[in-house]
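Lifted from TrEMBL, the feature list:
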type	residues	note
BINDING	Gly97, Ala98, Phe130, Asp215, Glu216, Val217, Gln218, Thr273	pyridoxal 5'-phosphate binding site
BINDING	Arg133	N(2)-acetyl-L-ornithine binding site
MOD_RES	Lys244	N6-(pyridoxal phosphate)lysine
Amino acid sequence: MFPDNLLPVFDRTDVIFEQGEGAWLTASDGRRFLDFGAGVAVNALGHAHPRLVAALEAQAGKLWHCSNLYRVPGQERVAERLIKASFADTAFFCNTGAEAMELVIKIARRYHHCAGRPERNRIVACTGSFHGRTIATLAAAGTPKYLEGFGPVAQGFDHVPYGDLEAARGAIGSNTAALLVEPVQGEGGIRPADPAYLRGLRALADQFGLLLLMDEVQTGIGRTGKLFAHEWSGIAPDVMGLAKGLGGGFPVGAVLATEKAASCMTPGTHGCTFGGNPLAMAVAEAVLDEVMAPGFLERVQAVAALLRGRLDDLARRYPGAIAQVRGQGLMLGLKTVPVNTEFNAKLFAAGLLAVGAGDNVVRLVPPLIIGEAEVERAVEIIDGVCRG
Ligand SMILES: *Cc1c(COP(=O)(O)O)cnc(C)c1O
């Protein structure tokens, strides 16, 4: 069906999108799709947002790349915005989520190394999590399916069930450096953590002198209705990875950390050739201008509540199609009764893009700029698929 010149690691749908506008995509055959996948929770401001286009175009004519051997004012500005709005004192820019999480892991190990506790190099992580596709981030998540054939598995990770505070406590030993968690598991099936669980992890980290690491690659930048999902629990991590929504579709990742956690990351201990280049920073700054504008996150919360209410209603009316609705903000999952990929294929055929996730879930992660009309249209399509 397709040319076979690409490494066949993706199970691609046979469609070519040529143009996007807001939450809508137009395919090469003229079909229009309502995009509730947003490039897997990436296009936070939808497609072709005028402010992002203008920011990219303005920077494109000036300077694309100069390396991190020199100052990049865009990095300093984006860092300032992120730090002011968070627990963090320092920021690092990279290109992807996995890269961000690699640095999160490195900071945790280095912190104890410099404190004279090099034996504290193990991280307690959760089953069902996802942190990326590099050798270390695969090991961090520990998902057997993704690790198969790629051994030897990187050392230094102990896994406990997500949401089980007692198991986390039980896994902490004299070699433990940090606890790692997603505030809402995304790939794992849109599973939100109980705020009490996150508060409990914070307390354990403090009690045992560990760092609390959060993967907000998917949940960050307004996805759950707060700038960062951990804000819902009232606690903060020591180190956090960001990516997906931060560039609104331009590849950019970031790590935020407290001064204490990052105190040992001195010149030469890390780096990234492309990270935080002027193009990426111009777009990220524009994304933050929008997402941090007064009222933006309140609107996300309101439209998310509307969508959630409609989906809960569908689940009540079609128990044979939707077993459960879960998630937070505009990061919602339908645990479907039919196989999720089949349900998702029917949504696609009816003009709605969604994304599969673990635990037989169909993920709805629309652009944060959707309005009532897009919610009603999406619900109409899902209703039609549930009716069969
Ligand atoms: C997508 C994702 C990653 C990996 O991001 P890449 O940009 O694909 O490397 C890591 N953690 C979480 C929670 C993600 O959703």
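Even glycines carry a Cβ here, placed using N, Cα and C.
Since this is a predicted model, take the numbers as computed values, not measurements.
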Helix, strand or coil at Lys244 (N6-(pyridoxal phosphate)lysine) [DSSP, three-state]: helix
Whole-number Å value for how far Arg133 (N(2)-acetyl-L-ornithine binding site) lies from Thr273 (pyridoxal 5'-phosphate binding site) (Cα to Cα): 19
Distant-in-sequence Cβ neighbours of the residue listed as 'N6-(pyridoxal phosphate)lysine', under 8 Å, six or more positions away: Val40, Ala41, Val42, Ala44, Gly97, Val217, Gln218, Gly220, Ile221, Arg223
Cβ packing number for Val217 (pyridoxal 5'-phosphate binding site), 10 Å threshold: 29
Rounded inter-Cα distance in Å - Glu216 (pyridoxal 5'-phosphate binding site), Arg133 (N(2)-acetyl-L-ornithine binding site): 16
Number of other Cβ atoms within 10 Å of the Cβ of Phe130 (pyridoxal 5'-phosphate binding site) across all protein chains: 24
Largest inter-residue Cα distance among Gly97, Ala98, Phe130, Asp215, Glu216, Val217, Gln218, Thr273 [record-listed pyridoxal 5'-phosphate binders, Å]: 25
Rounded Cα-Cα span from the residue listed as 'N(2)-acetyl-L-ornithine binding site' to Asp215 (pyridoxal 5'-phosphate binding site), Å: 14
Binding-site residues listed as Gln218, Thr273, least Cβ neighbours within 10 Å: Thr273
Conformational class of Gly97 (pyridoxal 5'-phosphate binding site) under the three-state DSSP mapping: helix
Proximal but sequence-remote residues of the same chain as Arg133 (N(2)-acetyl-L-ornithine binding site) (Cβ under 8 Å, at least 6 apart): Ala98, Tyr146
Residues among the binding-site residues Gly97, Glu216, Val217, Thr273 that border ligand 1 - Cβ under 6 angstroms, in sequence order: Gly97, Val217
Local backbone state of Asp215 (pyridoxal 5'-phosphate binding site), from DSSP in three classes: strand
